[in-house]
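Visitor: Take a look at this one; I'll ask things after.
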Amino acid sequence: MRQSFKRDTVHLTTTLAPWSSHDTQLILSCVLGLALIIVFISVLKLAPFLSILVGTFAAGFAAGLPLEAVASAFSKGAGALLGDVGIIIALGAMLGALMAESGAADRLVSTILKHSTPRTLPWMMALVALIIGLPLFFEVGLVMMVPIIFVMARRSQQPILRIAIPALAGMTTLHALLPPHPGPLIAVSALHADLGLTLGLGLIVAIPAVILAGPLYGIWLSKRMHVAEPEEMGKLFTAQQDTAEPPGFAISLITILLPVVLMLGRTVAKLLLHPETFLFDALNFLGEPLIALGLTVLFAVVALGWSRGMARDRVGGILRKSLPPIAALLLTIGAGGGLKQALVVAGISTTIGKIAVGAHMPLILLAWLIAVALRQATGSATVATTTTAGIVAPVVAGLSATHNSLMALAIGAGSVFFCHVNDAGFWMVREYFGLQLKQTVLVWSVLQTIVSVVGLALTLVLWGVLT
């Protein structure tokens with residue numbers, strides 16, 4: 001039976017306390033902290049890590065938190081994020097350096113270039129990112145793609161943004177909309193949506209979003225904004241000093257796809273196997289991102305280094321020199337995690353939930369807006385998805401499976417709207433590609449906004465067509 005948007009318009013009620021002056025204080029303190037970070041980086045030209053640190057303490061103190069609580073939250077948030085993402089980035093840098101100096105990255109790029117033209121290359125990069133990004137977390141997919149992006153831009157003599165933006169769009173869209181990525185899985189579970197149906201509808205939404213935010217936007221922006229290759233990252237990922245014959249295409253492809261296969265195996269195991277079996281435990285262990293990428297680095301040491309006659313000292317040197325260029329990146333990402341945690345401890349998620357109380361609008365639009373607001377305030381897609389799903393779950397309990405799947409997609413789309421300085425991905429993109437703050441907004445924040453808005457628009461269309 002077809003349902004109109006009018007019937008799906010709800011008055012959301014919760015058990016949250018009424019709006020208070022403290023909630024207003026929280027909103028203003030959040031704005032203050034973010035404004036200070038932007039001024040310190042753009043006007044005073046301070047290092048992002050220091051700017052975020054100062055902005056965090058200003059926001060936390062203005063929100064009424066004791067300074068000791070702000071410091072504790074900052075340390076906890078930075079440590080948690082670096083413990084999760086930092087090691088993956090370090091392993092990715094090692095793998096990228098090995099692939100660059102052995103010639104494996106160049107071999108992959110040469111093969112892709114043979115099967116594409118300058119006009120089709122952005123589309124090819126989006127397709128590669130979709131394949132690599134399907135089972136991988138965004139951070140893992142990015143560190144796997146960065147060496148390919150740098151070598152591809154240099155070999156094809158095209159602007160780096162023309163190559164990078166389609167790859168970024170492919171990975172971030174899958175991360176936001178498609179299981180088995182954490183955000184979509186959280187929404188599917190909380191709303192009791194059908195996993196297979198959500199995956200199918202997610203693909204329908206994701207492909208147009210990738211096209212608009214990736215190749216089309218990348219081609220448009222690269223004609224209007226020139227970005228030079230960052231010196232340190234360029235040297236790390238494009239310097240090929242190995243005079244021996246580069247590895248074959250097969251071994252190069254196996255190296256880049258090994259973590260993809262391992263993590264995909266873990267996903268399949270969780271969907272199809274009984275948890276208390278040896279095969280499940282083995283696949284679950286091997287598919288852990290840290291294990292998968294660590295094993296891939298060891299595989300690359302042997303397959304791309306030792307087995308090809310590369311001296312042990314040289315292999316060790318390649319691994320060691322890959323780490324200094326990412327030091328600033330790791331500190332900045334950690335600071336972003338600290339800012340997010342301080343705002344969460346201050347209670348910004350509850351305040352955003354109160355804003356939704358009394359809302360009278362289409363349910364799917366309301367869910368998207370709540371996710372948008374939470375992502376802006378906390379910088380965490382997981383927090384935005386979890387909290388939004390919890391707020392709207394009681395209302396969607398009586399809806400159909402199709403409704404619930406579309407709600408999950410709308411929440412996922414909202415969780416990536418205009419990600420900015422409290423987002424780890426923002427700083428990863430900035431540091432990897434040597435962007436200024438304004439450039440990062442145009443590359444990353446606008447890209448994600450396109451994905452978010454297109455995702456909302458298509459879920460609204462599907463809501464009207466399928467229900």
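Note: Cβ is positioned from N, Cα and C throughout, glycine not excepted.
Quick paste of what TrEMBL says about this protein:
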type: TRANSMEM; residues: 26-43; note: transmembrane segment
type: TRANSMEM; residues: 49-67; note: transmembrane segment
type: TRANSMEM; residues: 79-100; note: transmembrane segment
type: TRANSMEM; residues: 120-153; note: transmembrane segment
type: TRANSMEM; residues: 160-178; note: transmembrane segment
type: TRANSMEM; residues: 198-220; note: transmembrane segment
type: TRANSMEM; residues: 249-269; note: transmembrane segment
type: TRANSMEM; residues: 289-306; note: transmembrane segment
type: TRANSMEM; residues: 355-374; note: transmembrane segment
type: TRANSMEM; residues: 381-401; note: transmembrane segment
type: TRANSMEM; residues: 407-429; note: transmembrane segment
type: TRANSMEM; residues: 441-466; note: transmembrane segment
Visitor: Do at least three C-beta pairs under 8 angstroms join the transmembrane segment (198-220) to the transmembrane segment (160-178), pairs 6 or more apart in sequence?
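Guide: Between the transmembrane segment (160-178) and the transmembrane segment (198-220), which are separate recorded stretches, there is contact, as judged by 3 or more close Cβ pairs.
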Visitor: For the transmembrane segment (441-466), I need the partner stretch with the highest count of C-beta pairs below 8 angstroms, choosing only from 120-153, 160-178, 249-269, 289-306, 381-401.
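Guide: By Cβ pairs under 8 Å, 160-178 leads among 120-153, 160-178, 249-269, 289-306, 381-401.
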Visitor: Excluding the flanking five residues on each side, which residues at least 6 beyond the ends of the transmembrane segment (120-153) place their CB within less than 8 Å of a CB in that stretch?
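Guide: Distal contacts: 85, 88-89, 91-93, 95-96, 99-100, 105-106, 108-109, 112-113, 159-160, 162-172, 174-175, 178, 180-182, 210-211, 214-215, 218-219, 229, 233-234, 237-238, 256-257, 259-260, 263-264, 267, 289, 292-293, 424-425, 428, 432.
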Visitor: Is the count of Cβ pairs under 8 Å between the transmembrane segment (289-306) and the transmembrane segment (407-429), pairs 6 or more apart in sequence, 3 or more?
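Guide: Answer no: the transmembrane segment (289-306) and the transmembrane segment (407-429) share fewer than 3 Cβ pairs below 8 Å.
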Visitor: Excluding the flanking five residues on each side, which residues at least 6 beyond the ends of the transmembrane segment (26-43) place their CB within less than 8 Å of a CB in that stretch?
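Guide: Same-chain residues near the transmembrane segment (26-43) but 6 or more away: 50-52, 54-56, 58-64, 339, 343, 346-348, 351, 377, 420-422, 437-438.
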Visitor: Please report, as numbers and ranges, the same-chain residues at least 6 past the borders of the transmembrane segment (407-429) whose CB is under 8 Å from any CB of it.
Guide: 34, 37-38, 41, 48, 52, 55, 81, 85, 89, 138-139, 142, 168, 172, 175-177, 183-184, 187-188, 191, 193, 198, 201-202, 205, 329, 332-333, 336-337, 339-340, 343, 363-365, 367-372, 374-376, 378-379, 381, 384-385, 388-389, 392, 396, 399, 435, 437, 440-441, 443-446, 448-449, 451-456, 459
Visitor: Excluding the flanking five residues on each side, which residues at least 6 beyond the ends of the transmembrane segment (160-178) place their CB within less than 8 Å of a CB in that stretch?
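Guide: Residues packing against the transmembrane segment (160-178) from afar: 121-123, 125-130, 132-134, 136-138, 141-142, 145, 148-150, 152-153, 184, 199, 202-203, 205-206, 209-210, 213-215, 217-219, 221-222, 225, 227, 229, 381, 409, 412-413, 415-416, 425, 429, 433, 443-444, 447-448, 450-452, 455.
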